[in-house]
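Q: My structure is below; once you've seen it, I'll send some questions.
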Ligand code: BJW
């Protein structure tokens, strides 16, 4: 049985990380596009750096920990011997990895990494980032200051690992979408790449625009429903 899982902000909500489009959506007063697009970054890099700095700091707060849904996915992967497994996450937090998941594909990037705007080189990162941050490759070079950006995929940019995702979708026997609003593409279109025989299961607090594409729609909290559904597979 080949299993493909897609997770979104809802799976981390119960770990204390706010969703994007919920009532308590991130960053009071700022639309997602304002802080998550190359145009937003060009228009106000200080604001965008601040947005990601706050999130990077919060992710390192000891109170933010993987919840039962993250742990259940990691446990399932460990015990899954009879087929392929891939966990595609739209989340830039590292909670799946911290829960012990190995085959994780963070299609919208990773908050704990930064990228050189000029070369694409990646660096692990725990600190704040600013227009003054020295470049780790050449810290004394003043021209390279401010040439780092968060390693995240903004609107209009191509998500990571799309070929691997499509390959996994085409051969999936089970597709599980957890805590995602189904509004952002291409993630929202993965369900339509799965074969006819695939069992498609959506776990979410509410209906989403994608719900109609699923065979089973389970309404409830990820921390309760994910362990239950995985145990039943
Ligand atoms: C719970 C829960 C609990 C809560 N238990 N559930 C018109 C039509 C189609 C597409 C487009 C279009 N116009 C433009 C586009 C493309 C655009 C797009 O999709 N826009 C739409 C908004 C219309 N997409 C792109 O630009 C993408 N790139 C692209 O298309 O490139 C072109 C290309 C593609 C393929 C090949 C070649 C070229 C890039 C998208 C990048 C998205 N980036 C962000 C920011 C990442 C960095 C960061 O985190 O800051 O990704 S935006 C933001 O949305 C973030 C998320 O990963 C993403 C999805 O959000 P998610 O995870 O679904 O969260 P929410 O908050 O929306 O939903 C949470 C859900 O959880 C809710 O449903 C709750 O009910 C539920 N929930 N608690 C269970 N306890």
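FYI, residue positions are counted from 1 along the chain as it appears here.
Cβ coordinates are placed from backbone N, Cα and C, and glycine is handled just like the others.
Straight from TrEMBL, here's the annotation block:
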- 1-233: domain 'Deacetylase sirtuin-type' (DOMAIN)
- 8-27, 90-93, 179-181, 204-206, 222: NAD(+) binding site (BINDING)
- 52, 55: substrate binding site (BINDING)
- 108: active site, proton acceptor (ACT_SITE)
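Give me the structural setting of these features: burial, nearby parts and distances.
A: For the recorded site, residue 205 (NAD(+) binding site), the DSSP three-state label reads coil. Residues within less than 8 Å, Cβ to Cβ, of residue 205 (NAD(+) binding site) and separated from it by at least 6 positions along the same chain comprise 10, 179, 219, 220, 221.
The C-beta environment of residue 52 (substrate binding site), restricted to residues of the same chain at least 6 apart in sequence and closer than 8 Å, consists of 111, 129, 150, 152. Mapped onto three states, the DSSP output places residue 52 (substrate binding site) in helix.
Sequence-distant neighbours of residue 108 (active site, proton acceptor) (same chain, six or more apart, CB under 8 Å from its CB) are 89, 90, 91, 92, 152, 153, 159, 160, 187, listed in sequence order.
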Q: May I ask for the distance between residue 8 (NAD(+) binding site) and residue 55 (substrate binding site), taken between their Cα atoms and rounded to an integer number of Å?
A: 16
Q: For ligand 1, list the binding-site residues among 8, 16, 52, 55, 90, 205 whose CB atom is within a distance below 6 Å of it, in sequence order.
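A: What lies within reach of ligand 1, judged by Cβ under 6 Å, is 8, 90, 205.
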Q: Roughly how many Å lie between the Cα atoms of residue 12 (NAD(+) binding site) and residue 55 (substrate binding site), rounded to a whole value?
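A: Just about 13 Å between their Cα atoms.
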